[in-house]
């Protein structure tokens, strides 16, 4: 037994290092050098092929514009305040109940203040009335960064925060700010005048992408009451001169146009579902994405 164990232990040690043949784990130094050299060259070639493929692919991709722009989905429509579950519930007599919503709006509108748009090297005036899309050249760096249209906060009227720092919440007349999400190169195509029935008090302009808010269900439509829209030129929509968007590299300070809606006569103590939709020839809607071209929000004003 002892001899067998000694012999077995000796063969195991001999496999690790054979002093007679100068072998380590069954290979000589020259053999180990050759096999290591082979794998270094083999994996080096694989890495070279991989890096070369990536470099060729990067040559076909522009950092300023997506290659497959036609496959990008239409932009989403979202609201501020941005809250979880898109539910707004508050009591006008209790400032704490709507503080979160007001702070959310204040923070969002910070970059729309006049003091944040003073740099004439970055911002430019694009008029006070809606006009056609403003082309700023090709999507490349030949002309450097492109200027951005200013957006005046006072266009948002009662929802600007200039005269009412609570944006109507203390009076039970809440405001929401609506924006169209940024899609690089997207140019909205408004619908024809006769293809859309406009709400009372709203008007058509071929250079405005219209937005309308209504009750989501039949019972909601009766409880929404009246509402007011505030935007450039008092149009309920987004003026086209703010498009197309050239991306963060070419327009890092871009300000998307805004539309404010104030609900002035909501039925109290009732949860009301409100749907807002943008209308356009290239605006789409999806059952899988409830923010594509539209959104709905629940609002409850408590007594």
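First residue shown is number 1, and so on along the chain.
Glycine is no exception: its Cβ is also placed from the backbone N, Cα and C atoms.
Listed ranges 7-34, 35-62; the one Swiss-Prot annotates as transmembrane segment is 35-62. Taking only the Cα positions, the spacing between residue 193 (N-linked glycosylation site) and residue 101 (phosphotyrosine) is 35 angstrom. Between the disulfide-bonded residues 149, 175, 213, 175 has the most other Cβ atoms inside 10 Å of its own Cβ, all protein chains included. Within the set of recorded positions 158, 159, 175, 265, 276, the entry lying nearest in space to residue 101 (phosphotyrosine) is 175 (CA atoms). For the topological domain 'Cytoplasmic' (1-34), the model gives a mean pLDDT of 67.
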